[in-house]
Amino acid sequence: MTSRVVSPEQNPNDAEMSLRPQSLDDFVGQRQVCENLKVFISAARARGEALDHVLFHGPPGLGKTTLAQIMARELGVGFRATSGPVIQRAGDLAALLTNLEPRDVLFIDEIHRLNPAIEEVLYPAMEDFQLDLIIGEGPAARSVRIELPPFTLVGATTRSGLLTTPLRERFGIPCRMNFYEPAELEAIVSRGARVLGFALTPDGAAEVARRSRGTPRVAGRLLRRVRDFAVVAGRSPVDALVADAALNRLEVDRIGLDAMDRRYLRCIAENYGGGPVGVETLAAALSESRDTLEEVVEPYLLQQGMIQRTPRGRMLSASGFKHIGLNPPKDLLVQLDLLTRMDEEGE
């Protein structure tokens with residue numbers, strides 16, 4: 001998949017660490033999560049114990065890694081980071097765990113992609129702070145138990161449904177990360193402009209925030225691109241007109257949809273009469289992977305009410321048709337109304 005400026009996935013060019021908040025008090029958004037973490041961190045420090053294991057789950061780009069780093073900083077302990085696909089063997093996990101200091105934070109991104117065999121080794125490490133390893137092969141093989149210092153495992157996943165039940169149940173503090181409100185994103189964008197050292201008016205910040213898809217990572221990326229256009233054009237301070245012109249050049253529309261999103265909507269509308277159409281069929285038609293559609297493209301379209309997921313496939317809503325300048329077929333509106341009523345009765 002080609003790189004998208006509105007993609008919530010991590011991009012090497014996003015590594016501007018100065019834009020990240022350094023404490024829970026500086027962290028904008030996810031208020032309930034932050035308030036709860038403050039309590040748990042204070043209690044752990046008062047007891048002199050390791051914080052219970054934490055699981056952050058939700059769409060990408062919402063601050064899971066940043067919160068994990070802040071937790072370690074506020075606990076006053078070390079921070080180690082890795083990701084699920086990187087840990088291939090039990091020895092890799094053992095090397096990570098045995099090098100931790102007491103109460104350190106170990107962050108595993110994409111924890112749903114851990115090898116099942118690695119999960120089995122991780123269970124006693126999380127529960128009893130012990131590592132059981134098999135040394136050698138055949139008749140000479142023997143089990144070795146390694147005592148570990150108490151530590152905090154922080155897992156992050158964009159697909160909590162793929163976590164096995166035993167692993168999920170070992171996290172004492174599950175935290176759901178939600179998309180950000182426009183006012184929260186405006187505060188993030190305004191702070192980002194100050195950190196990057198350029199003048200941004202309140203209406204300029206609102207324009208960038210409105211197109212950021214409820215995601216701070218996208219907001220930071222759009223802000224840097226708007227800054228580039230403003231520097232070349234010699235415009236300061238950056239107001240809504242400058243931001244609008246820059247974002248239009250990037251093909252990011254008024255609600256944050258880009259060319260890929262509009263292609264997705266048009267494919268359902270024009271090729272399949274608004275749906276329903278299966279995700280595999282859509283992936284083939286758009287030359288994208290199923291995972292890309294489910295994890296990157298669809299979450300924001302669902303949140304905006306542009307599409308519906310049904311047992312028979314994806315359907316375009318009336319607002320989805322309207323956004324691409326088309327009128328929905330009457331029979332499709334009847335189907336959507338029926339599905340809505342069925343959902344309401346099911347609740």
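Using N, Cα and C of the backbone, Cβ positions are placed for all residues, glycine too.
Marked as region 'Large ATPase domain (RuvB-L)' by Swiss-Prot on the basis of sequence analysis: 1-180.
GLY61 (ATP binding site): 29 other CB atoms within 10 A of its CB, across all protein chains. If you look up Swiss-Prot, you'll see LEU19, ARG20, GLY61, LYS64, THR65, THR66, GLU127, ASP128, PHE129, ARG170, TYR180, ARG217 marked as ATP binding site.
What Swiss-Prot lists as Mg(2+) binding site is THR65, and the listing cites sequence analysis. All protein chains considered, the CB of THR65 (ATP binding site) has 19 other CB atoms within 10 Å.
The region 'Small ATPAse domain (RuvB-S)' annotation in Swiss-Prot covers 181-251 and is backed by sequence analysis.
Annotated region 'Head domain (RuvB-H)' per Swiss-Prot: 254-347, in sequence order, evidence recorded as sequence analysis.
ARG314 (DNA binding site) falls within a strand segment according to DSSP. Note: ARG314 (DNA binding site) has non-local neighbours ILE268, GLY275, PRO276, VAL277, GLY278, VAL279, LEU282, GLU298, ILE307, GLN308, i.e. same-chain residues 6+ apart with C-beta under 8 A of its own C-beta. Feature annotation from Swiss-Prot assigns DNA binding site to ARG290, ARG309, ARG314.
When DSSP labels each residue, the region 'Small ATPAse domain (RuvB-S)' (181-251) comes out as 52 helix, 2 strand, 17 coil, counted as helix, strand and coil in that order. DSSP labels the residues of the region 'Head domain (RuvB-H)' (254-347) in these numbers: 58 helix, 9 strand, 27 coil. In the structure shown, the C-beta of TYR180 has more C-beta neighbours within 10 angstroms than that of any other entry among the binding-site residues PHE129, TYR180. Here GLU127 (ATP binding site) comes close to ARG170: these same-chain residues lie at least six apart in sequence, with C-beta atoms under 8 angstroms from its C-beta. Annotated DNA site ARG290, ARG309, ARG314; additional same-chain residues within 8 Å of its Cβ mean position, judged by their own Cβ, are GLY278, VAL279, LEU282, LEU293, GLU294, GLU298, GLY313.
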